[in-house]
Every structure is written in structure tokens, then in C-alpha cells.
Amino acid sequence: MEQGLEVALTDLQSSWNNVRHHTEEISSDRLLVRRGQAFNITLYFRKRGFQPGLDNIIFVAETGPLPDLSNGTRALFSLAGHHGPSPWIASLETNGASSLEVSLCAPPTAAVGRYLLKVHIDCFQKSVTAYQLGEFILLFNPWCPGDSVYLDSEPQRQEYVVNDYGFIYQGNKNWIRPCPWNYGQFEENIIDICLELLDKSLNFQIDPATDCALRGSPIYISRVVCAMINSNDDNGVLNGNWSESYLDGINPAEWTGSVAILKQWHATGCQPVRYGQCWVFAAIMCTVMRCLGIPTRVITNFDSGHDTDGNLIIDEYYDSTGRILENKKKDTVWNFHVWNECWMARKDLPPGYGGWQVLDATPQETSNGLYCCGPASVRAIKEGEVDLNYDTAFAFSMVNADCMSWLVYGGKEQKIHRDTNTVGNFISTKSIQSDERDDVTENYKYIEGSPQERLVFMRALQKLKARRSEGPHKADSQHSTPVPLNGDSPRSLHMPSLRPSDIVQVSLKFQLLDPPNMGQDIRFVLLALNMSLQFKDLKVNLSAQSLLHDGSPLPPFWQDTAFITLSPEEAKTHSCRIPYSQYSQYLSTDKLIRISALGEEKNSPEKILVDKIITLAYPGIMINVLGAAIVNQPLSIQVLFSNPLSEHVADCVLTVEGSGLFKKQQRVLIGVLKPQHRASITLETVPFKSGQRQIQANLRSNKFKDIKGYRNVYVDLRL
């Protein structure tokens, strides 16, 4: 009597498969494969080998707590090649005396996540024996043309999926500073934390079967992840905090990487980590999305609008001294704001709106009841198609709202100026396989002030007015056909004048005399220019106040008044100095100071407003690599830092990290640093991954929180 076919052992060939699937950085021991691409496994049998025609082998792949054939979370597919109920494929590679190598392939639309692989063996059509072969993780595949996240450029795939470090741009439009960041998407346990994040979402908690079935869609996954990065609706990863009080957590400026945050979230039973602001939310989302296989990059928008009422106008209010006032409507212009772009097809939209999509995990406004934003097509934003899913109107306002300035005095409001150019400048991301900054502003908007840009603005406004007349949230549930650019009629919208009606006769401008370094006095001049043929007598009120990076003002700490008489076509300067001793105690973590001047001409109702935002700079940390960096060989790293202030600073802590170089973040307690004191320490580590790596460092104290530095290191595989 013929013996049945019994599986003795399974080799998932994890190391070999992972290299072919670009997941070897995650693990060589666990099987991690990408959908739409075959992977091989070997079955070893006990008493005899596989006999085609006699033995029927059926593979089963299951994901989620309630796997089901009808919703795609359970797959049955036969080695015999018969068309089964699932689009998964199994094919014979080699048939040995007591082993069988087979090739398995998930369709490019399969749900991503953790799978259990089983096999059913039907011997002589008499008995069926089932075996569990093991677990594997299925990821999105930007290398597969059939996958909706397919990206056809290998350099872009290397940058936006594989690269585990980068830069997040901060500062202001006149002083753009790269902040090094360790994304660490391939570090130990990060893939498991990313999958845990999906399972902690409200969608999974409410309906796990449907949630798992929808995980084949990058649109769906991106919205779930976006909502889970913040903790406003759930036990998401990060608590946001813009209050300047961080005593029960970490100041957002101190973070240098995602790994420590995600591991803390996991280790504390998924309790939100304190604290984050926009760049931290975006960095965490970048880590999660790259880990899952969706091409992702981090975007910084300087002078970013936050339009709370959807009229594409940011209202800013000033008093008679020129200081900016708290906005009751909560409209603000953020000094910079950071979000993500994820690459995916958009078959839910008209043709041409796939590619880069905006996703913003910072909790600002709700979308379908949850704090998430996007995916909004970048092309739709540029064309003003604000009724296309998802949250395109809000994303449009961040880069292309107009700014209206109002003077508040005596209980009245006087319109000073409407500026069409303020919002959305120097939209930035890291360049492909380079440390340079890439300006992507033209992806989001036509040239400011051009007829095309104004037509797009009018189109967006027209669509928003139509949406308001139809009822709220209409754009969240449907889309309409895009309106041709030439079909707009801006004159029918009854827009206010975009420029002051009178010809400007006097201009004011600030000019810094020295680089704005922390610890030094700020010296600047106010330049007044009379462009008319008449004498002008000006009274100018000057003030300085700290700002948070989201545009929220703090009370003014310096004021001055200048009386300037100008002859026809004359220019004069008024010199100003703000001592360090005066501004230091009022400075926010963001190190932003806004200086402003409100001028008024004698016997004229005209007001002239000018302001300038100054970001105070620290000297950076220097990092030296002492010797050649080789995998599994000791490496010494020297870190040089200094106290830039003319006073003692206490509670100094240096943190150093780098994926592939350090197993975990290094924390060094420094204690007290004397005024202007320079110091260095040497750290020892053993690199465990080869290739291009980056070291990130941060120094904090009781006086400053984010003196940063980085160093790129190439790690060789062997001597």
C-alpha cells in the first residue's frame, strides 16, 4: 500500500528571499516578502517524495483574526496549477527524492500584514493532511509594476523606501536649517511595531475583518497610519504639545530619530509618547510607511497657512505697536510646517492625479471624524481641484491661502493689506541620494502672482463656495470632474482688491547687521524710504516678541518708537539693538523672534506694516569617525560640542544614535558646562550593518534643547 506524503520540515529560505525582496535589512531569519513577486520555499518529506498526479498540494495563506476567502484575507491555491478561488500562485521549481522546492506569489493587490502559511496534502484523493509551514510578513512592493505603489525609478526607490536617515528642514524661509533624523525603518522590532500600530487603530478595533481586508489599499493604509501617529482619537504614537511646557515628557526639539519613540510606545503598552510637533509626527509616519513599503518623503512648507474656516484667507491682527495679536479664529501662518508625501496610484480619482499624495499626521482638523489629513493629490492641489478626496481643500490652503492684515484699535478693525504671496514658500525635501535640499514648490503651485496662479486660486475658492452651499463634508465623500483652467471667471467672484488702492509712497524694511547667533545681542536697522516728491513725517512703533513655530505669539519683550522725517526721495535708517539679557528669558524653544514696525504718516490714515522673523542659531555639534568603519569591528566616534552662552548651563545631556551603528540610542550625562566651554567625548560602538550610514547627535541643557550635529559614515562589509 502506498504511503501518504508527510511534511517533516519546511525551509522558508528567509535569507535568500529577503535579499530578492529588498527586506534583508529588516531580518535574515524571518520571511518578509513583497506582494506581486515570487518567493521560494522548500518542503522536506519523511518517507517518500512528491508524486505529481498522485499527490495534490494546496497552499493556504491567512491574515487577520477572521480570515475569509470572500474578502481576500484567506487564500487557497494549488500546486497543480488549477485555477483556484484565489489569485495567489504556486508553481513547481524542483522535485527531489524527498524534497520539493516551490515558488509562491501573492497578487500585487493582496492585503499586507502578517500571514500564516499552511499546506493541505491530498494523497490519492483518499485523505487530507494539514500542516502549518510558518509565518511570513507581506509588504507593499514599489518594485512591482502591478502594485499601486510602483515607482519606476531605482534611485527614488532607494531614497524613499530603503534609505533609513534623512533631513527635516526647519527654521524660516530666510534661514533654512537641515535637521538630521534617524528614520530607522529596518531596525529590530520596528516592522512588528508598525503592524501593531495597524491593529491598535479604531478601524481594527471596531471591525477587524473589514480592516484587514482593506489593507491592500495604500489609500486606506495611509489614512489609518496618519490617524494613528497622533493620539487625539486613540492610543496613537505621539501626544502633540505646543504649550512650551514639557516637564512630564520630552521637548519635541530634542528627538533625533523615530526608533526610540516607536519602541517607547510599544514598551509602555501603546501609551502615547510625550511629546511631538509637526516634524516629529511626519518623521514617525515616514518610518512606518517606508517600513510597510510605501515610498514616502518628508516635506517642509515655510510660511504654512492654517485656515480654520475654509475661506482661503488667513486673518492676522496687529495692535498699534505692530505686535501680532492672538487670533480668535485660530487662523495662523506657521513659520514652517512639516507633512509627508506618499507615492501611490489614485484610481478613485480622475486620471492624472496619482503620484505624490499629501498626508499630514499633525492633528489640526478632523477628516471624516478623525484627526488625519489626506491622501490629497499634489497635482490636485496645484490645479485647485479642492473637491477631490481627501482633504485637498485644507492642503491647498496650507500652500496658497491669502493673508489679510488687520489693525485693531479702539474696538475697531482696519484692513491694512492683503498679501497673496506670503503663504507657501520654499517647499523643501531631501534630494535623492544627496544631502542637498530639493525645492518642490513648483509641484504645489504656479509662480506666485502669475495669472495662472490667481486663476487656480479663484477656481479653488469657487469650488469651496459651492461646497458650502451644498453642505459640509461633501468633498470627503465624493469628487467631481476637474474644471478646465480656462473656464474660470474670476471677476464673478466679487473678490476684494488684492493690492492697496493707493500708490505706496513710503516703504519700511528691516536689515540685520550681524548674523543672529544665540547669546549675542541682535543688531538691526529699520530702513525708511520716501518714494514721493513730498516731505514725510513718520511715527514708527517697533516691537519684538517670541513666536512659536505654529505662529502663536508670545507677549512682546522689547518696544521702541522712532520719529523719522524724510525729504523727497530720501532714505534714512533707524538703528536698533536688543540685548541678549533682554530676550533670553522670553525665548521659546523654537528660538523665533518677530520684530515688527507699524508706521503712520502725519495727517494721513495710511498705515505701513513691516515685520521680520529671526531664527537664532547655535553652533553645531562636530562628529569625527576615528578610523575605518567595518561591520562587526570596534569603532571610535569623537563628539565635540560647546556651550555657546556666556553663562553656566546645567542638566546637559548628549544623545547619539544611528541605524546600523548603535543598537540603541546613547545617552551621556554631561552635567554643567561653563560659559563658552568646549568639550569632547569618545564613544565606542560596533557597526552591525554595512553601507551608507548616518550618526545623529543632540545636546540639551536647562538653557537650550536642540544643538544638533550629524556625520555620514560608510561602513565596509570586511577589511
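Start at 1 and count along the chain as shown; that gives each residue its number.
Here the Cβ of each residue, glycine as well, is placed from N, Cα and C on the backbone.
Features of the protein shown, as given by TrEMBL:
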- 270-363: domain 'Transglutaminase-like' (DOMAIN)
- C278: active site (ACT_SITE)
- H337: active site (ACT_SITE)
- D360: active site (ACT_SITE)
- N400, D402, E448, E453: Ca(2+) binding site (BINDING)
- 467-496: region 'Disordered' (REGION)
- 467-477: compositional bias 'Basic and acidic residues' (COMPBIAS)
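Features per TrEMBL, on structure.
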residue : record              : Cβ neighbours (10 Å)
C278    : active site         : 27
H337    : active site         : 27
D360    : active site         : 30
N400    : Ca(2+) binding site : 23
D402    : Ca(2+) binding site : 23
E448    : Ca(2+) binding site : 15
E453    : Ca(2+) binding site : 18
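For D402 (Ca(2+) binding site), the nearest of the active-site residues C278, H337, D360 in terms of C-alpha separation is H337. Within 10 Å of D360 (active site), counting CA to CA, the binding-site residues N400, E448, E453 contribute nothing. Applying DSSP to the domain 'Transglutaminase-like' (270-363) sorts its residues as follows: 15 helix, 40 strand, 39 coil. Among the recorded positions H337, N400, E448, E453, the ones whose Cα sits within 10 Å of the Cα of C278 (active site) are H337. Same-chain residues that are not part of N400, D402, E448, E453 yet have a Cβ within 8 Å of the Cβ center of the Ca(2+) site turn out to be A401, T420, N421, V423, G424, K445, G449, R454, V456, F457. The CA atom of E453 (Ca(2+) binding site) is located 22 Å away from the CA atom of H337 (active site). If you average pLDDT over the domain 'Transglutaminase-like' (270-363) in this model, you get 94. Across the structure, E448 (Ca(2+) binding site) and H337 (active site) are spaced 19 Å apart at their Cα atoms. The two recorded residues, N400 (Ca(2+) binding site) and H337 (active site), show a Cα separation of 14 Å.
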